[in-house]
């Protein structure tokens, strides 16, 4: 099925050399659904002592989402990586369980509140719809490269929209990153992230030779020419603008990090990483000096306990939660994760850490690592440069976002307000990340698909039988 | 509320379940890296089991000197070594210029011969295209697509 004739008869069987591994995916998806249902049962039994009536509906719905996505992948991307979907399923399931658990805590405190888990399940269904749509519309990931500049424009508009809109529509907890219309709130930045990654990939594939080769060697380091610094300076300025006008540390850091790393992947020049770090340091210093909201974040990060009654309260509660969890956690439903403000979205990792402990939180990180590893592996295997850079960028985006979030929750980095992909409560983040994984699935299908069998070798012209050509 | 012992079973049982999932996923990663079933690479006998090694003559390892797999070493035993893109090859190449079953190295009386298995782009021993089985001397480069191999 690959190249050329072979003396081995086994090589003739289709699928023998390049297994699609769809059955592996199905088994692992089943496992992930099972773990989710087990978690839901444990939460219900621990908190209320009995299983809730809606559990059967939830289980059937949740399983149906993944069964449906599995069938779509089987049909539309048969060679796709078998681990991407199960990892997402498990993360999504753990997130839903923790949101449900916090719902229960809210209900105990105040009967009127709660009920976020069904909404999140609905968003997961919408996300699954986007996943299917991406696979149906995008039959070849290289198609994206043709719309790179359009997507860049869309991305920039999405990114800038909340900054332009009045604060009543766009501001929540001091960050102007929302669009709130008719009861729905959307964080357009999550979608802008994907659009911009596509654009970065396409742009850098075109320009990487210039960015990599035109450089001078100074002290063992390749220093690019001044005018080639343009793109990285533009990305830097953009990030600063996001920081100033939307007061969003997270998106700003996310965007700049993604651009610098994609530049590094494209050019293989470590000098870009150093330039990026330098620009970041300069930006961070300026931001600290100029903007109050950044200074508050940094101060509470350096000494959360000194500000425990004001800005540091969230972080202090999160650290207490993680400490209470210890190695093995309090058990699902056994802790008090509702003590942390906004535990469902920004601090869901702290909630999971409290109830599952270090072992559980590390397991969560490893599941993310599997997702990222499969993305990077796709990037290594896929044959075209655009696909390589796009897969690498998307995989890095997930890893980078997780690092920034977990760093914030554990006190390693200043708090940013990014979401934990797939786990945290929030429709935009969930739906956008489903789209991101759909693109990765599409690229991995292209990467693992065996090459089309070449035309049978033509006999040499001398050996070919004489042909009579009649007009 | 549920009994304390049941809660403890839930608490540790769930963590176990999580890590079992990761274990299962890692098995897939491993099968993907080494081709076919997990443990497939072990068909090359481990170093201690190689007979004739103590005699100190003849090549002991197959080293990839160029190409994407550069640096890979395979300990030589008695079994033939299959090279190609097929998952069950001893050395699985990911090279557009390699065929699924590209070439084979066989041991005959302590000496190694390279054979081309009807590949599309051919196997080269030192610039020479391999037609029939050819004796490979240690240090002689074998070229398959972008990959170069050497016996040591």
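Each residue, glycine too, has its Cβ placed from N, Cα and C.
For reference, TrEMBL has these:
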| type | residues | note |
| --- | --- | --- |
| REGION | A:449-471 | region 'Disordered' |
| TRANSMEM | A:26-47 | transmembrane segment |
| TRANSMEM | A:53-71 | transmembrane segment |
| TRANSMEM | A:83-100 | transmembrane segment |
| TRANSMEM | A:120-138 | transmembrane segment |
| TRANSMEM | A:147-165 | transmembrane segment |
| TRANSMEM | A:177-205 | transmembrane segment |
| TRANSMEM | A:249-265 | transmembrane segment |
| TRANSMEM | A:272-291 | transmembrane segment |
| TRANSMEM | A:347-372 | transmembrane segment |
| TRANSMEM | A:393-416 | transmembrane segment |
| TRANSMEM | A:422-441 | transmembrane segment |
Counting only residues 6 or more past its boundaries, what in the same chain has a CB within less than 8 Å of a CB in the transmembrane segment (A:422-441)?
73, 77, 80-81, 84-85, 88, 91-92, 94-95, 98-99, 116, 119-120, 123-124, 126-128, 130-132, 134-135, 138, 141, 144, 184-188, 190-191, 193-194, 198, 344-346, 348-349, 352, 364, 371, 374-375, 378, 390-391, 394-395, 397-398
Where else in the chain does the transmembrane segment (A:393-416) make close Cβ contacts, counting only residues six or more beyond its ends and a cut-off under 8 Å?
193-194, 197, 200-201, 248-250, 253-254, 257-258, 261-262, 265, 297-298, 300-301, 304, 314-315, 318-319, 322, 346-347, 349-350, 353, 365, 368-369, 371-372, 374-376, 378-379, 433, 436, 439-440
How about the transmembrane segment (A:120-138) with the transmembrane segment (A:53-71) - do they touch, taking at least 3 C-beta pairs under 8 Å (6 or more apart in sequence) as contact?
yes
I need to check the long-range neighbours of the transmembrane segment (A:26-47): which residues 6 or more away from its ends have a CB within less than 8 Å of a CB in the stretch?
55, 58-59, 62-63, 66-67, 70, 82-83, 85-87, 89-90, 93-94, 96-97, 100-101, 104-105, 108, 331-334
Tertiary contacts of the transmembrane segment (A:83-100) (same chain, 6+ residues out, Cβ under 8 Å):
25, 28-29, 31-33, 35-36, 39-40, 43, 62, 66, 69-70, 73, 116-117, 120-121, 124, 332, 337, 344, 348, 351-352, 355, 364, 367-368, 370-371, 374-375, 420-425, 430, 433-434, 437, 440-441, 444
